[in-house]
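Take a look at the structure below.
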Amino acid sequence: SRRHKLYREELNLTSPAAPLLLRPEANWLQFHLGISRDGLYPRSSPTINRLLRDMQDFTTISADYSQDEKALLGACDCSQIVKPSGVHLKLVLRFQDFGKAMFKPMRQKREEETPEDFFYFIDFQRHNAEIAAFHLDRILDFRRVPPTVGRLINVTKEILEVTKNEILQSVFFVSPASNVCFFAKCPYMCKTEYAVCGNPHLLEGSLSAFLPSLNLAPRLSIPNPWIRSYSFDGKEEWEVNPLYCNTVREIYPYSNGNRLLNIVDMAIFDFLIGNMDRHHYEMFTKFGDDGFLLHLDNARGFGRHSHDETSILAPLSQCCIIKRTTLLRLQLLAEPEYQLSDVMRESLLQDRLAPVLTEPHLLALDRRLQLILKAVRKCIDTYGEATVVANDTMQPEAPAADRAKLTT
């Protein structure tokens, strides 16, 4: 602590002299106001690209731990979070326009694959997976992943010098290689061995735009019916019972409406990115039982391009149901002129940390897409297209009354 105090005094840290004003036209606020029952943002929203540029360019004015990590440390009102996690290091950065983003630093190089002996619940969190997941979600027209962008962060100027959290200040140190490093204060990985380091100050990371406050737009966290066992042995019922979906269909809210179809969408998305860690999903309470599922926390995706974890597709293969709009989009992205890997490659070039994914990961998307379509064809051969493909193409546009009414 004494060395840290001397270090801060040497830097002569100061606060901004003039107060900053909130602008109603701020892009993060326009993003919040554009949330509807159809998705987090409209299909052709210019606000999203402007918001991505803001998160890349704007000055940070504060840095802090996330609310869920504070909850684990007993340092926040737990009613203000959906669910505690906090296994891996992440920080909340606030920008000059008062927008906030979740910062996840680089923990694994792009060319590295998750070791075969790693369980999914101890896998690394990858900043580039968060970025790629946003682009894929937008290409699939789900629009359920918050806008996410890559950025080189100066950990000294943009985190250490602007944070008022003494615990966060205390975990910064200078490595033997003269790089500025910091590590997590959480119940699991609170050691310098798990530190991330700048080079000497600059560090790659992903920035994901914050959703509206839970006070303004409450959300529910709901266990995934296809949750995995988070122990080193044992299996869940769905892993041993091929008729498990029959049980799920009898349970509210999966017995009617779009909830089960949305679960299948989520499973398709997770299979494409290779994410086995979807233990819960979240929804805005305002939009009711048929609201969309948020695809949050995708940092454990894109770990192994050489392996296709087909068990992730269990909701599709066991329930044999899929939205027509989802199927049409997948079929389009399987066409040679609109191949998913090509569309992703072009989309990811917009990010400043490009190349975000290595070529084997991009090609794995095409391979996995074919496996999804093969599973759908098997279902259609067994039950018929009328039973398997749910016609959701005639849904009316959401009325204005259903848009999120948020105030500052």
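Glycine residues also receive a Cβ, built from the backbone N, Cα and C atoms like all the rest.
According to TrEMBL, the features are:
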| type | residues | note |
| --- | --- | --- |
| ACT_SITE | Asp277 | active site |
| BINDING | Lys104, Ser208, Ala209, Phe210, Leu211, Glu282, Asp297 | ATP binding site |
| BINDING | Asp297 | Mn(2+) binding site |
| DOMAIN | 172-388 | domain 'FAM20 C-terminal' |
Task = Looking only at the domain 'FAM20 C-terminal' (172-388), report the model's average pLDDT.
result = 92
Note = Rounded Cα distance in angstrom between Ser208 (ATP binding site) and the residue listed as 'active site' is 18
Ask   = Taking the binding-site residues one at a time (Ala209, Leu211), which has its Cβ surrounded by the most other Cβ atoms within 10 Å?
value = Ala209
Key: Distance, the residue listed as 'active site' to Asp297 (ATP binding site) (CA atoms, angstrom)   = 9
Remark   = Rounded to a whole number of Å, the separation of the Cα atoms of Lys104 (ATP binding site) and the residue listed as 'active site' comes to 17
Cβ atoms near Phe210 (ATP binding site) (within 10 Å, other residues, all chains) = 18
Ask   = Can you count the other CB atoms that lie within 10 A of the CB of Lys104 (ATP binding site)?
value = 26
